[in-house]
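So that you can see what the record holds, here are the features copied from Swiss-Prot:
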- Asp201: active site, proton acceptor (ACT_SITE)
- Ile81, Gly82, Lys83, Gly84, Gly85, Phe86, Gly87, Ser88, Val89, Lys103: ATP binding site (BINDING)
- 75-351: domain 'Protein kinase' (DOMAIN)
- Cys3: S-palmitoyl cysteine (LIPID)
- Thr64: phosphothreonine (MOD_RES)
- Tyr148: phosphotyrosine (MOD_RES)
- Ser235: phosphoserine (MOD_RES)
- Thr236: phosphothreonine (MOD_RES)
- Thr241: phosphothreonine (MOD_RES)
- Tyr249: phosphotyrosine (MOD_RES)
- 361-381: region 'Disordered' (REGION)
Amino acid sequence: MRCFSCLNTQTNDMRINIDTLSDLTDYASVATKIDPRGTGSKSGILVNGKVNSPKPGGGARSFTFKELAAATKNFREGNIIGKGGFGSVYKGRLDSGQVVAIKQLNPDGHQGNQEFIVEVCMLSVFHHPNLVTLIGYCTSGAQRLLVYEYMPMGSLEDHLFDLEPDQTPLSWYTRMKIAVGAARGIEYLHCKISPSVIYRDLKSANILLDKEFSVKLSDFGLAKVGPVGNRTHVSTRVMGTYGYCAPEYAMSGRLTIKSDIYSFGVVLLELISGRKAIDLSKPNGEQYLVAWARPYLKDPKKFGLLVDPLLRGKFSKRCLNYAISITEMCLNDEANHRPKIGDVVVAFEYIASQSKSYEDRRTARKSTDSNRLRRETKQSY
């Protein structure tokens, strides 16, 4: 039996046999029995064509509650960098000097023991440049804490919505770069792992950013193993965030990897429009982003009405048209008609590269015009 050695059923702690867990932790048992890609492996999870044996907490360190209290100055309110139904996230500094983000789960919150276990299992097995790195965890009494690498720029929603007066809006290129990073993270879960993993909680709040605006997907407590063998979907209780859930999943609990594609389409719409998936402060008819955008998505002549005014027209119209066309495909009500994530990655890599070229040309033109104006001003004297 493989288990978290720090967890003990004789106290308030948990002891976990990963071979009998449900949800994503079923990966341990499912992956040892099934290899739908035909390699014949029976000893673990296929990641990038190689077998990974699930070892919960494998690369993650077990922290004491005292260590994490010291790192956050006793969970001082001034150290809080995020809050939600799950609890609070604190900025902390470990004894080694490493700056980290520490998520303290609320015992009465939305994220319970099961989701905690799923997240530790998942981030201990799966590693990718676009997935957040789990440094460690703590299970002391009723306390459940997760320790992640610190992302200095916060989440995507911090840079799209309710900006401070002195805050610079994201450029078009940066938005497309973020779309590429998020898509690559999803591609890893869908295509590089066997069986596939359905993220189930893709939203702007879970897209973290470093100083270069490179993406790290976070919060995997709701992740689910995708359908295997001849199964077309997974039937499960509806979880996730309202406004991002695919219609077939929200209505019937039928979950597939295409459910993530729909959620990605909502994020794309947020990137393009600068609007929230749900914003009850908007007038009636504009509160639900997808419903508001539908008429514009179907008419290329109205694409411009979707664009965030803060972009001030500083983007290639051709790149905008491409991005909106793909967004519309991702938001198709019919799951089977949504694109594969691999195709989405290729498309947005192209859009991002073209957007960068456009931005570079625009900057060069601006510099040339500025130099010419300076020369003309000097000559006039």
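Using the three backbone atoms N, Cα and C, a Cβ is placed for every residue, glycine included.
According to DSSP, Gly87 (ATP binding site) is assigned to a strand segment. In the three-state DSSP reading, Ile81 (ATP binding site) counts as strand. Checking the recorded positions (Ile81, Lys83, Gly87, Val89, Asp201) against Thr236 (phosphothreonine) with a 10 Å Cα-Cα cut-off leaves nothing. In terms of C-alpha distance, the listed recorded positions Ile81, Lys83, Gly87, Val89, Asp201 place Val89 closest to Tyr148 (phosphotyrosine). In this structure, the modified residues Thr64, Thr236, Thr241 were compared by how many other Cβ atoms lie within 10 Å of their Cβ, and the smallest count belongs to Thr64. Relative to Tyr249 (phosphotyrosine), the recorded positions Ile81, Lys83, Gly87, Val89, Asp201 all have Cα atoms farther than 10 Å away. For the domain 'Protein kinase' (75-351), the model's pLDDT averages out at 93. Reported as a whole number, the C-alpha separation between Asp201 (active site, proton acceptor) and Thr64 (phosphothreonine) equals 29 Å.
Comparing the binding-site residues Ile81, Val89 by how many other C-beta atoms lie within 10 angstroms of each C-beta, the top residue is Val89. All protein chains shown were included, and the count of other CB atoms within 10 Å of the CB of Asp201 (active site, proton acceptor) stands at 23. Of the listed recorded positions, namely Lys83, Gly87, Tyr249, the sparsest CB environment within 10 A is found at Lys83.
There are 22 other Cβ atoms within 10 Å of the Cβ belonging to Tyr148 (phosphotyrosine). Lys83 (ATP binding site) and Thr241 (phosphothreonine) are 15 Å apart (CA-CA, integer value).
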